[in-house]
Amino acid sequence: MSMLCYTLIIAFLIGIWAAPKSEDNVPLGSPATSDLSDTSCAQTHEGLKTSRNTDQRHPAPKKAEDQELGSVANIIVDPKLFQKRRFQSPRVLFSTQPPPLSRDEQSVEFLDNEDTLNRNIRAKRENHPVHNQGEHSVCDSVSDWVIKTTATDIRGNMVTVMVDINRNNEVYKQYFFETKCRNPNPNPVQSECRGIDSRLWNSYCTTTQTFVRALTMEGNQASWRFIRIDTACVCVIIRKTDNF
């Protein structure tokens, strides 16, 4: 009985040893290994080629600074944004070139052009007669077209003002017509207005501001906002208490 068991065990072991080996156990250099190597190399080459093509179609993302500079340098604005504009102010101008300064005794009037965003400027005389040489202003002021990058909005927050605007593949600049005191004095006591009786009144000249609607940046979108700009130089008078 034991002899028969030994014979069956030996026959079973011989059968296992004589069975063909699988591809996983094929030694290197055999045909099966060569086929697997060729297939692996082909897949690797195809993967590299696909990755290279993907990189060409989807280039590596730029740095945040480069993206920010690019967006600021060339901001494209939808023309429909200007069609919805309300509360237009003559102190806000979009132009491809610096606007001329208004001369004394003249005011600036803007003419809208439907074809382009640029506005032509014409000067016309005031309705009131020309000042005589003996007439003087209470406070001396100066006016000029300026470019603003930041401003305070109607809520008191600092906002970014758009400078260059790309509309219909043409770059425009946003100008603001500001008026301020010519020689502002930080000490109101030593800055008296012209023609005010100093025996009864303390007076000084100061620059006042008003709100105009300007094109600003809100995140990555352009939007209209009310911002403050200098618009006049006025005289402030205070009655002296010593006279009571």
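Easy rule for this one: first residue shown is 1, then count along the chain.
For all residues, glycine too, the Cβ spot is worked out from N, Cα and C.
The disulfide partner of CYS235, as annotated in Swiss-Prot and taken from the candidates CYS193, CYS233, is CYS193. Record source Swiss-Prot places CYS205 in a disulfide bond whose other cysteine, from CYS41, CYS139, is CYS139. The disulfide-bonded residues CYS181, CYS193, CYS205, CYS235 differ in how many other CB atoms lie within 10 Å of their CB, and the one with the most is CYS205. For CYS193 (disulfide bond) paired with CYS139 (disulfide bond), the C-alpha to C-alpha distance reads 6 Å. Note: the Cα of CYS181 (disulfide bond) and the Cα of CYS205 (disulfide bond) are spaced 7 Å from each other.
Of all Cβ atoms in the shown protein chains, 22 besides its own fall within 10 Å of the Cβ of CYS139 (disulfide bond).
Under the DSSP three-state reduction, CYS233 (disulfide bond) is assigned to strand.
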